[in-house]
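This report concerns only the one structure given below.
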Amino acid sequence: MSLLLQQHLSQPWRFLDHTSFGPTFQALQSFAYDDTLCTSIGKSQSPPTLRAWVHHNTVVLGIQDSRLPQIKAGIEALKGFQHDVIVRNSGGLAVVLDSGILNLSLVLKEEKGFSIDDGYELMYELICSMFQDHREQIEAREIVGSYCPGSYDLSIDGKKFAGISQRRIRGGVAVQIYLCVSGSGAERAKMIRTFYDKAVAGQPTKFVYPRIKPETMASLSELLGQPHNVSDVLLKALMTLQQHGASLLTESLSADEWLLYEQHFARISERNEKLLAE
């Protein structure tokens, strides 16, 4: 049993299930939710929270992506794939969200000594514990050729199925992961490759954008050779929390948190419009 998980999970955890809100649930709302949770948990007004979320056919761009020379052509290409496009309020590059991708946010208070690496390791250990039978196969290292590459890409046999990011604001930490549960990892990667082809168009860029190789990405269903869906992977997450001492609470947001959420959502939406209009 992971000591890191035991240390952070053996306490009451609130669980928010945002996996079945449907196509009208916007990805911008998720970033507003996590900023809200960071704020209230950072002030010790709410317990640590696991939030599970699913969005339909959306590509989330990083701020650097939004400054590519032919960004409007890139966005039009994504719309041609029937995907909405937003720019997120934190670092990283383009990622795909759809009904076969489960996102998990572990939101907790930023305690002294809880480093950036500790945040990444906490999520990595959670995923390894969820898929205990495959623990030895799951690696955390950058997968060159994947979209949104990073040192905590999770892969099996060199094929990436998940990426971890982290946001720290107002005394709270949100460690977020997207898990490609079902569908084709390569097809998602081909769409992002098309985006970069159109948005870069052979012109100089201010950052090194990823050269996408679709064969470097796959879903858990493809990698494990058996069908998985969002619901059964979420159940694994909840069971793993309980196995490490968490008592799960199913309270919704408090009245104060709803007010905060509305403020965060308005701010994030306005910022997103500005970034897409530049």
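The count begins at 1 with the first shown residue.
Any Cβ shown, glycine's included, is placed from N, Cα and C.
These come from Swiss-Prot:
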- Cys148: active site, acyl-thioester intermediate (ACT_SITE)
- 44-249: domain 'BPL/LPL catalytic' (DOMAIN)
- Lys160: site 'Lowers pKa of active site Cys' (SITE)
#### Entry: Surrounding CB atoms that lie within 10 Å of the CB of the residue listed as 'active site, acyl-thioester intermediate', all protein chains
21
### Task
For Cys148 (active site, acyl-thioester intermediate), just give me the three-state DSSP call.
coil
### Nonlocal residues around Lys160 (site 'Lowers pKa of active site Cys'), in sequence order (Cβ under 8 Å, 6 or more apart)
Ile143, Ser146, Asp153, Leu154, Gly185, Thr216, Met217, Ala218
### Message
With DSSP assignments reduced to helix, strand and coil, which class does Lys160 (site 'Lowers pKa of active site Cys') get?
### Response
strand
